[in-house]
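One structure below.
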Amino acid sequence: MRAKSNVTVPAGVTLGALGVLGFSFSLPATRLAVAGLDPWFVAFGRALVAGVLAIGYLALSRAPRPSVAQVGRLVVVAAGIVVGFPLFTSLALTTQTSAHGAVVIAVLPMSTAIWAVLRASERPPVAFWLSSGAGLLAVLAFVATGGGLSGSFGVADLYLVIAVVLCGLGYAEGGALSRELGGARTVCWALVVSLPVTIPVSVVTADFSRATTVVWLSFGYVALISMFLGFFAWYAGLAAGGVAKIGQLQLAQPVLTLLWSALVLGEDVGWPALATAAVVVVCVVLTQRSRVASTSAATAEPVRT
């Protein structure tokens, strides 16, 4: 038993880190993609591409069909991670910087934890709500002052907040459903049930007149990595190393996104962004620790793949 643990935990860390690394470039890639493609096409088109790949995976893995009740829950997952988050981040990044978005999106683990608490009717300690409130206030202060980055508070920030709320719901519902269907299959089925929406919207919003090679490479990244393969590595890491332990790796995502924004896009990442990201990371750590302490039995169970 000890030998197995020694193998699975490092494997879980490696896979989880690969997932976070893949997700961390999502905002910069989206920023590049919307420069030459309609933001609605970037959001729904990437889900369409991933949905086709999902059909192939489900067929090859001989995945059983979800029940009617599970389909209803898959719609919730899809509304969060397949439609909601990609759409509202795409809309936001047409006018806002990737670095700015990274700081706002930093509260995503906190949003996920809050949705999980509400969904499971848990009673977390006061420290959970204090930490959540502190992190939220830090982000609100950041966007209210323009964040010290190019761009200022506006509709784009509202889009980012909506993206965080919906994605948190999708992650929480998907995490619960993955214990029944498996992590990879949950994501794949969510992509498949979204096809009746993603196909027509992609067709209507398709305009490739301004698309360059960089734009297509960026679109390919968000379709193949952000919407598909990244989830495979992430859920496999959670299954191998445990949700409570591997989940903490997500704290590095906003920092990595800020790094990519500066290196790849040449965006100005000033001290307000770095300071806010640091505060949010600390608050998320405190939030996760207080929640894990109060629900250790639930979070210790690994996710099926």
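For all residues, glycine too, the Cβ spot is worked out from N, Cα and C.
Quick caveat, the model's predicted, so the values are computed rather than measured.
Positions annotated as domain 'EamA' by TrEMBL: 12-141 (among others). Averaged over the domain 'EamA' (12-141), the predicted model has a pLDDT of 89.
What TrEMBL lists as domain 'EamA' is 156-287 (among others).
Annotation source TrEMBL lists transmembrane segment at 7-27 (among others).
Summarising the annotation, TrEMBL assigns transmembrane segment to 39-60 (among others).
Taken from TrEMBL, the feature transmembrane segment applies to 72-93 (among others).
If you look up TrEMBL, you'll see 99-118 (among others) marked as transmembrane segment. Long-range contacts of the transmembrane segment (99-118) within its own chain (CB-CB distance under 8 A, at least 6 residues past either end) are made by residues 27, 31, 89, 92-93, 124, 128, 131-132, 135-136, 139, 142-143, 147, 149-151, 156-157, 160-161, 163-165, 167-169, 171-173, 175-176, 247, 250-251, 253-254, 257-258, 261-262, 265, 267-269, 273, 276-277, 280-281, 283-284, 287-288, 291.
Distant neighbours of the transmembrane segment (125-145): 100, 103-104, 106-107, 110, 113-114, 117, 153, 157, 160, 272-273, 276, 279-280, 283-284, 286-287, 290-291, 293-294; these residues of the same chain sit at least 6 beyond its ends, with a Cβ under 8 Å from one of its Cβ atoms. If you look up TrEMBL, you'll see 125-145 (among others) marked as transmembrane segment.
Counting only same-chain residues 6+ beyond the ends of the transmembrane segment (151-172), those with a CB under 8 A from a CB of the stretch are 76-82, 84-85, 87-89, 91-97, 100-101, 104-105, 107-108, 110-116, 119, 143-145, 190. For 151-172 (among others), the entry in TrEMBL reads transmembrane segment.
Residues of the same chain lying 6 or more positions beyond the ends of the transmembrane segment (215-236) and with a Cβ under 8 Å from any Cβ of it are 12, 15-16, 18-20, 22-23, 25-26, 29-30, 32-33, 35-37, 42, 45-47, 49-50, 53-54, 82, 86, 178, 183-184, 186-187, 191, 303, 305. Taken from TrEMBL, the feature transmembrane segment applies to 215-236 (among others).
Annotated transmembrane segment per TrEMBL: 269-287 (among others), in sequence order.
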What counts of helix, strand and coil residues does DSSP assign across the domain 'EamA' (156-287)?
116 helix, 0 strand, 16 coil
Intrachain neighbours beyond the transmembrane segment (269-287), with Cβ under 8 angstroms and 6 or more residues off its ends:
99-100, 102-103, 106-107, 109-110, 113, 127-128, 131-132, 134-135, 138-139, 141-142, 145, 147-149, 248, 251, 254-255, 258, 261-262
Tertiary contacts of the transmembrane segment (72-93), as residues 6+ beyond its ends and Cβ separation under 8 Å:
26-27, 30-31, 33-34, 39-40, 42-44, 46-47, 66, 101, 105, 156-157, 159-160, 162-163, 166-171, 173-174, 176-177, 186-187, 189-191, 193-194, 197-198, 222, 226-227
Other than its close neighbours in sequence, what residues sit by the transmembrane segment (7-27), given a CB gap under 8 Å and a spacing of at least six beyond its ends?
89, 93, 98, 101-102, 105, 221-222, 225-226, 229-242, 245-246, 249-250, 252-253, 256-257, 260-261, 264
